[in-house]
Amino acid sequence: MKVIVVKDQAAGGKEGYKVFKDALDNGAKVFGLATGSTPVTTYKEIVNSDLDFSNCTSVNLDEYVGIAPDNEQSYKYFMQSHLFDAKPFKESFLPNGLADDPAAEVKRYDKIIDEHPIDLQILGIGRNGHIGFNEPGTARDVTTHVVDLTPSTIEANARFFESENDVPKQAFSMGLASIMKSKHLLLEAFGEDKADAVKGMIEGPDSLDCPASILQNHPDVTVIIDEAAASKLSKKY
Ligand SMILES: N[C@@H]1[C@@H](O)[C@H](O)[C@@H](COP(=O)(O)O)O[C@@H]1O
């Protein structure tokens, strides 16, 4: 893993932007995208740049079950407002939170990922080490699936909703096997509440208890963290 420690999230956004730019310059055509507060500064740098994704495809990591794409809490809405409105892609895929038949939706999404192999996948990390919505204990050979969110994730994501009760209890998520197929992975983490998860990912045992520790097995991972998220690492990076 290439670990880059920056002062704060704003500086992390600038580093994240460089990874996207390098990928584009090197011919990347398919970008795996993430939501949450973490990638926001990277998306902002991209929006304020002249990078052009109009010949590219995006494939998002996850979406809440039961939420319509035009609902402000949906990940689709997040992507529109943080990136796509300013930087449209040729085509953009997200799971459909309102799919009538979840099993068929999972198949549809796996087919999309198979047909659009991801060149660069950006990831955040949950406080419990989840990536996408792959919670601790998730098997590593799983592709897209419906996840029952853990109380810790529901509590952490409640800040985006009026109350914790409004947070959906399930989500569609790319699986760990799908994520590991991406050519290059960029994981970002900012703030002290990510320090344990970051330590588990980089220095902890490679274990299902910390889903992000699977990244220790990927040949091309860039990790961008701020000093607070790096504060529990025993080695200097
Ligand atoms: N499914 C998302 C993840 O993709 C994200 O990485 C994580 C961290 O969110 P944040 O970046 O807001 O801390 O939260 C959610 O659960």
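Positions of Cβ are set from backbone N, Cα and C atoms, glycine also.
Taken from TrEMBL, the feature domain 'Glucosamine/galactosamine-6-phosphate isomerase' applies to 26-218.
The C-beta environment of Asp62 (active site, proton acceptor), restricted to residues of the same chain at least 6 apart in sequence and closer than 8 Å, consists of Thr35, Tyr75, Pro95, Gly132, Phe133, Ala171, Phe172, Ser173, Met174. Among the features that TrEMBL reports, active site, proton acceptor is placed at Asp62 (among others).
The active site, for ring-opening step annotation in TrEMBL covers Asn128 (among others). With a cut-off of 8 Å between CB atoms and residues at least 6 apart in sequence, the same chain places Glu135, Pro136, Thr150, Ser152, Thr153, Ala197, Cys210 near Asn128 (active site, for ring-opening step), listed in sequence order. In the three-state DSSP scheme, Asn128 (active site, for ring-opening step) is classed as coil.
According to TrEMBL, the active site, proton acceptor annotation covers His130 (among others).
Residues or ranges marked as active site, for ring-opening step in TrEMBL: Glu135 (among others).
In this structure, Glu135 (active site, for ring-opening step) belongs to neither helix nor strand by DSSP; it is coil.
Least packed by the Cβ count within 10 Å, out of the active-site residues His130, Glu135, is Glu135.
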